[in-house]
Every structure is written in C-alpha cells, then in structure tokens.
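Colleague: Can you keep this structure in mind? I'll have questions shortly.
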Amino acid sequence: MNPTGELKPNSRVQRLWLFRITFGAAVLFLLPLSLKNGYNKLNSGIDDNLFELSVGRIYILQPIQAEPIDNTYDFFSPDDLRTIRQGDLLVAVNDRRVARARDAYAVLDRLQPWQKVVLEVQKPEFRRALVRYRVRVGALRRDFLRDIPLTVNVYDILPEGASDRAGIRRGDLILSINGEAIRGLGHADFLVRRSIVGERVPYQFIRNGEMKQTHVVMTRFNIVFLDVVFQLSGLAWILAGLTLAGMRGHLRATRPLSFGFFLIGVACLLIPNRGHLDGQMLQVWREYTLWPSFYFGLGALFHGSYYFPRERRDLLAVPFLRYAYYLVSLAATWVAISTMGMQSMILFVPIMFSLHFCIRFIFRKGASREHARLESGIRYTGIFVSLMTVAGAFFSSHLSARFFYSLIALGLFLLLFAYSYTMMRYRLLGIRIGRVTQFSFVTTFWLVALVTTFISCLLWLARVAADLPRVRLTSRFLEISQAVGPHENMAGHNMVLMFCGIGVAFVFFYAGRLGLNGIRRRFHRQDYDHQGASNELVHLMTSVVSLDELAGGMVAKMAAFMRVKQLGLIIFRDEQECACQAWSHKPRGGSESPLTPEQVQLLGKNLRQYRAELCVDYLEPVGKEALVAQGFKYVYPIYSKSRFLGFLLIGEKLSETTFEPKDFQFLAATAKQAAIAVENAFLYELVGAQERMKHELALARQIQLSSLPQQDPELPGFDIAGVSLPALEVGGDFYGYNRAGDDFFSVVLGDVSGKGTSAALHMSRFQGIFSTLASDDRDLQDLFVRLNHLLYAQLDKNAFISALGIRIDLQGPRLQTVRAGHLPLLWYRAADKEVHQIKPGGIALGVDPGPLFERVLECSRHNFDERDIFVLISDGINETHNHAHQEFGLERVCHIIRHHADASAAALRDVILHETDHYAAGLDRHDDQTVVVVKVLPSAPSVADG
C-alpha cells in the first residue's frame, strides 16, 4: 500500500488474478458435481403405474358365487360384484380379521354347511376397495385359499407406459422388484426410484393364481416440483455469479458477491438428491460440499454488503468484521456435517442474520441516506427471510419436511430477486438490462407463476374432491353416505372439479389480466388516451397565452402522453426565425439547448420539404450528431395548412420499444392541435406586443383572415357565400363552416363585444375552441353549451360573444337554429316570398357560467323548401349609420333579400354590402360586417321529396 492506504497498481492486479484463480477452481470443482447431482435426481426411473400396499395376504384361488351386502352398484359394474373373483384377497371372516389361511379355515370349520358367512374381500384392481359378501358355508371348498407374501396391488396403469408395454395389468399383485421382495409400500417405491432411466428391471407378480415375471424399462422423467424449484433457483444463482465474475470481476464489490451467488447456487443444486441411491464417491463429495457452499456463500453475501450497493469504509476499517461471518460459517458447516444436517439452518441462519443486523446497528451512523435507500429492498427481504426461517424453526415440530424445504426455496428465490432488482433498478456495478428484456422477464415470470399456481389449485381441488361423501339423488329420496368406493365418487368428483375449476379459472383470468395491466403500466406500455390528451391540450390552449409557457406545457404533456424519455419543440415565426424552444428534460451537458442557432435554422430549412415523421438517421449531417447524442429518434414537422410552424423532436420511448404506426398516428393528431395552439399563441403574442403594434396588427389581420374560410364550400343542392369585413385591421366577427360527413352541414357566425385587437383576441380564442369542438360532430345546441362553458372561464369580465348557428340536414328538408344573443336568422321563404325572422331564445356566450345559459337557450326546428334563402349577418350590417345618424336597419336588409331572391348567394351577399356602403355615403365602418348567405337550389331535398 502507499502512504494514503490505497492499493498499489501491481497489488490490485495480483488480487484480481487471485480472485480469478480461486473462483475458476471453485467453478471447475463444484459445478460438475452439482450438475451431476441434479442430473441423477431428474434421471431417476419411473414405471408408469400406481400401486398400494395390499391389505390382505390370503389369495382366493377360485371364483365364488356370493351376494354383495353393501349397495355398491353405483360404483362397480354388476360383473365386478356378482362373484368373488379369483385373485381377490380375503381380509376378514364374519368381521374378524384373518392373517393366514388357517385362521380363515378355523372360523369356517366351526360353522354348519347351511349357515351363511360374511367375507370381506379386497378388490386389487381398485384402490382401497373393500367389499363385503354373504356366502353359504357349503359353497366354499376346502382348498380355495392360499397364503402369499406381502405384496402391492396395481390399481392404475398409464396407457402405453412402461408397465403397460411390459404386460402388467390392473389387479396384478407385485411380489418383488429387481429381485428384492416387497417389505412395504415405501420399500417398493424405493426399489422403483433407485432404478436408472432405460434400465430393464425384473418384476415378479401374481395373476390368476399363477406366478409371472416381466421386465419393465424405466422411463423419463421422475420430476418433483420442489426439486425443480431448487434446481432452477440454483441455476439462476450460479448464472448470476458467473456473470458478475466474468463481466465485473475487476471491481472489488463484485468478488464476494460472485462467490456468494455461485456457492448458494451450488447448494441449491445439491439439496435435492437421491441420498444413498448415488455412488459412494458422489455421496461423500456432496456431504462435504453442500453445507460449506451454503454457509460460506451466505457469509460472502454478508461480506459483500460492505461494498454493495455503496462501499462502507467505516466497516472495512475494522479487519475483524471482514472475517466474522466466515467464522460463523465455519462453525455452522462443522455442526451441519457432524450432527444436524438440514436442521442446522434453523439455528445458524437466524444467527448470521442477527449478527449482520447487530453490526449494522452499531455502525448505523456511517451509513448515508443514499446507501440506506439503495439497499432497502435487500435489507427488508433479508429480514423477511430471517423471520420466515425462525418461524419455520419454531413450528418445525408441526411442519412437514417438504414444507420446510419450500420455505428455504422461497427465501433463496426472494433474496436473489432482491439483489437482481436492486442492480437493475439503480444500475449498480455498471449492469443495465434493457426495459424490453425486463418486461419480457417480468411478464414471463408472472404468467408462469400464475399458471403454476392455477395448476396447483386444481390439483388441490382434485385431492379435496376425492374425499367427498357419497351422494345419491333419486325422485324419491336423497341419500348421503360416508361409504365410498373407486367409482362411487366419480360423479361428485367431476361435478365439484368442474364448478370449482370454472370459478378458479375466472379468478385467475381476472387476476392475470390485472397483473398484466399493472406490468404494462409499470413498463409504460399502455394504450394512448386520445380523448384525455385532446382535453388536456384544449385546456392548455385556452388557459395559456404566452408562447414560451404554451410550448413548455405542450412539451411536458406530450412527453407524458407519448411516454418518451425526452421531447423537444422548436417553433418558427414566419417560417424563418426561431421563436421558441422547449424541452421536456434538460439537455445533457447542462446547456439550454442541444442545438446551436445555426443548426436550428438549417434543420428548419431542411424539414420544410417533409410532411410526416422522419428518422433522425436520415437528416443532414448538420445537427444530426447532436440529436443522436441527446437520444432523439424522430423529428415531426408542424404545419398549419401549408405554413411551416416548427418541428417536434421525439426521444426514445420509456418502454424502450420501437415506434409503431399507432405512435405516429397519435403524434399526428396532437401535432394538429399543437398547430392550432401555436397559431393562437402567435396571435396572443402579437396582441400583447404594444411597441410593435403596427406590424403586429398586420400580421394578426393576416392570421385572422387565413383562419376564416378561404373559399365558399361547394355543397350539392346549395349555393353558399360568406364574407367578413373588419372595421379596423382586425375584427371581432367570425364565421365558419363545418360538414359532418354526408348528413349535416353547419354555419356559425359570431360577434365579439367591442372591436379591434381585443375583439380579435377573443374571437381567435373562440375560433380555436370552435375548431376543436366542431370536429367532435356535436349537436348544435350542445356545441353552444360547451362553447359557453369554455369561454366563460377565458373571456374578460366585460366581454361576451353573440353567435348564431344553423344546422342543415342534408338528407331531408330540416333546419336547426340556435341563437346566443345575436341577430335573428333571416329566412326568405319562396312559398310566400316573405322574409321571416327566426328568434329562438338565448343569451350571449360568456355571460353566464352555465345554468342560466342552458335554461334559456332554445333550438328551433323547421322544414325548408326549394329556393329558400338563409341569411346570417352581424350587427355591423343593420347598425350602419348615414350622415343623419340613422341606422340601416333589418327592414332594409329584408327588402334587399325579397327583391334579389333570384340572384346567386354571392350576388345577394355583395348587394347587401354594396347597399350598406351606399347608405353610409363614404363614412368609415364603425363595426365589423359579416354576411353569410345560404340558398337552397331546386336540386336540394325538399318537402315534396319526402
């Protein structure tokens, strides 16, 4: 070491090579041993039949005519019950158990030939099938019984399985397996499992009173679920250890963790074993490697906590603490090998956890908040595993060994999961697993766990249903009995399994769907909420005036809705000057923008030729490197009609998946709303800049005029013409058309109180809201209610908007009219050649928050006919003054309509404007003038048409 206490370079290299050599030696020695042990466990043979220990040891040599006492016809066929068959086993005579044939003969000799005796017989082809018969003593021959050794009876055969292929049948009584006589059920199972896959094992059995022998070829696999859990967990631990050692072995923090992961994985592979069935050498190796691997692996994990997740120099400064865990591991290993074995875990695992927590408590002041936060998952998991082990030790006398092993497997799995989650969550040790891989892993784990639990529940239900009482339901009585037989419970068993299985399937289906939805939310894979995004952007558009605030809000909301890591927005003024930049996250490097002004201008110039998304890789070299370095993947130009407004920069998705067509569809929809918002923001900005009023007003006039219909719609059966002439540079009048498919066509005309810039400002807001709401194909009255609700919150206290709207049914001669404090609709009826004023009730928009407005707002409905004319005007027409300060008035407008009813819509519109100008006699217009004329042509739908 140098004077500062740090390791010299050559010392570091020596320690690295020492680690590699020792770890490699451990892998070369322990990995083959553990894999061989697991292979032997999985490779144990199986003979594909089910047997149980025979109750009787007295073999019936001849069939006997007998009368069954119990009513068991529902469970056995009549042929099974008609006689006592050859091969059945005698269990009792007159309810007295008999062990040998001579005992049975002794009872029968005391009875007269005409008397009847009750024989209890075991049917070996069925499981636990004991049937009682009544037989006349004279019908029994003297030599109908024979003693046999202890046997197991086969009650089930797997079709085409090993036993079926060898010729073994249900009801056979197996005497010996592989040359060894049966000494009990466990011994018979031992003889089967001791065999190796593919081995020809001789079976000796009795069938029809004859001794037979066959050879069964053992098949794969003898899989025990708990063994598989241990082995999969062990492989995962080993893989984690090898990965850390291979990829990050040069880091001090990974060395004890690599040893800990690998040794615990080896222990997991060695715990499930075949015991004395393995060879002597393998038994010795396993005995002297299992417990050192487990305890020293656990000690290495505790030692690794001094380096992971953050180095604890206060703990490393005390040399004894580095070796304390290994001393306990050494003691635990000696106790486990010498006396206690698996039971040593009950004592030493809590001791090691307690020692760890005591050390942490004593040195708690040296732990930073960051260290505590990073290791919280591992710490709480360790506490849970420790408590679970203590609880298992406390209730060990009441728990089965399999359950205790299950607790061990669960604890080890949770501990590995905690380490893996901590590394991936905080990207420690330079390890990063992609979100796509994480999503696939978590989804697969959830589905496997769900399916495994579902199958376990079904198996548990099958076991429960097997013990159901017998239920018989007839037209006259209901009988419930505890007596069961091999077929007695079949109907009830199937019904219970069917209904319970359906219920469990529904529960697991919904649980699985909820879990998958939660996983999708966690990994940002939800579907887009188009309606929510639209509402949020509309709210932003109507509540924010500043261009900078609007851009920042749009970037934040669009990044949230699209679930991308970063998103940028660059807005151009007049397609030339960069007006605003906004970024959802601060660019890397700490700068305000990842692009220089020159790069922004060049990107804007290059993107004007594109109308859809463009991959960053296809951009010109200028600016491309900067965008790639910042993690941007796509650019999307924003247009308002043919005007280039700017572009969006889209980064990688939070889910780290590739972009799909639905992503670009959502982007296009939000970009359209962004274009409207940007247009409105420009207007607000121009109105607010008083020092550049002249230029600002000219631009606002241009924007406003471009927002009005640029040409009159061409609608079959109708002649439509409209125009709006502001009194100043900008005005407060607005008119617009909206066609909803082939069914409806609407015209809306609005007039803001006042004139000039303030009126234009409010009208542009009205226009933006109307453009957004009109696309939803709302009913006209509902449209006005929604407009009033939004405008009331946006307009100044003294401002309001009068509006008039009509909705024409293109499929029939029907007209809806809604008026919000505006002039009436002027309707020229060709039938009587008169102009009628349609005045449905209503107050101006923005005056009332809603209740009064909705109560007084009315919608009139009428049928129209060919050559009818509808004229919508603003008050700038009828309030035009002459030099005598007299108003033009509605009567003059009606007079013009009557006398020019045969003219086209455009001609009639121009006549009205010409007459008002003539009436003013050169005076300036004091208010905006707007006229919309809708004329019904003879080809339009009429009353006569139906």
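Using the three backbone atoms N, Cα and C, a Cβ is placed for every residue, glycine included.
Dumping what TrEMBL says about this protein:
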type	residues	note
TRANSMEM	17-35	transmembrane segment
DOMAIN	152-189	domain 'PDZ'
TRANSMEM	223-245	transmembrane segment
TRANSMEM	257-276	transmembrane segment
TRANSMEM	288-308	transmembrane segment
TRANSMEM	320-337	transmembrane segment
TRANSMEM	343-363	transmembrane segment
TRANSMEM	378-397	transmembrane segment
TRANSMEM	403-421	transmembrane segment
TRANSMEM	441-462	transmembrane segment
TRANSMEM	495-516	transmembrane segment
Colleague: So if I exclude everything within five residues of the ends of the transmembrane segment (320-337), which remaining residues of that chain have a CB under 8 angstroms from its CBs? That is, six or more out.
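Modeller: For the transmembrane segment (320-337), the nonlocal Cβ contacts are 287-288, 291-292, 295-296, 298-300, 302-303, 306, 344-345, 347-348, 351-352, 355-356, 359.
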Colleague: Who are the chain neighbours of the transmembrane segment (343-363) in space, where the CB to CB distance is under 8 Å and they lie at least 6 residues beyond its ends?
Modeller: 291, 294-295, 298-299, 302, 305, 312, 314-315, 321, 324-325, 328-329, 331-332, 335-336, 382-383, 385-386, 389-390, 392-393, 396, 408
Colleague: Compute the average pLDDT of the predicted model within the domain 'PDZ' (152-189).
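Modeller: A mean pLDDT of 85 is what the model gives the domain 'PDZ' (152-189).
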Colleague: Under the DSSP assignment, what numbers of helix, strand and coil residues are found in the domain 'PDZ' (152-189)?
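Modeller: Helix, strand and coil residues of the domain 'PDZ' (152-189) number 10 helix, 13 strand, 15 coil.
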Colleague: May I ask for the residues of the chain that lie six or more residues beyond the transmembrane segment (257-276) and have a Cβ under 8 Å from a Cβ within it?
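Modeller: Those are 23, 26-27, 30-31, 33-35, 37-38, 40-41, 44, 193-194, 224, 226-227, 230-231, 233-242, 244-245, 249, 283, 286, 289-294, 296-301, 303-304, 307-308, 405, 408-409, 412, 416, 419, in sequence order.
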Colleague: Select the range from 17-35, 223-245, 288-308, 441-462 that forms the most Cβ-Cβ pairs under 8 Å with the transmembrane segment (403-421).
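Modeller: When the Cβ pairs under 8 Å are tallied, 223-245 comes out ahead.
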Colleague: Are there residues at least 6 beyond the ends of the transmembrane segment (223-245) whose Cβ is under 8 Å from a Cβ of it, and what are they?
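Modeller: Sequence-distant neighbours of the transmembrane segment (223-245): 19-20, 23, 27, 31, 34, 38, 41-42, 254-255, 257-269, 271-272, 402, 405-406, 409, 412-413, 416, 419-420, 429.
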Colleague: Which residues of the chain, 6 or more past the ends of the transmembrane segment (441-462), have a CB below 8 A from one of its CBs?
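Modeller: Beyond its ends, the transmembrane segment (441-462) has Cβ neighbours at 493, 496-497, 500-501, 504-505, 508, 511-512, 515-516, 519, 522-523.
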Colleague: Give the nonlocal contacts of the transmembrane segment (17-35) in its own chain as ranges (CB under 8 Å, at least six residues past its ends).
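Modeller: Distant contacts of the transmembrane segment (17-35): 234, 238, 242, 245, 249, 255, 258-259, 262-263, 265-266, 269-270, 282, 285-286, 289, 293.
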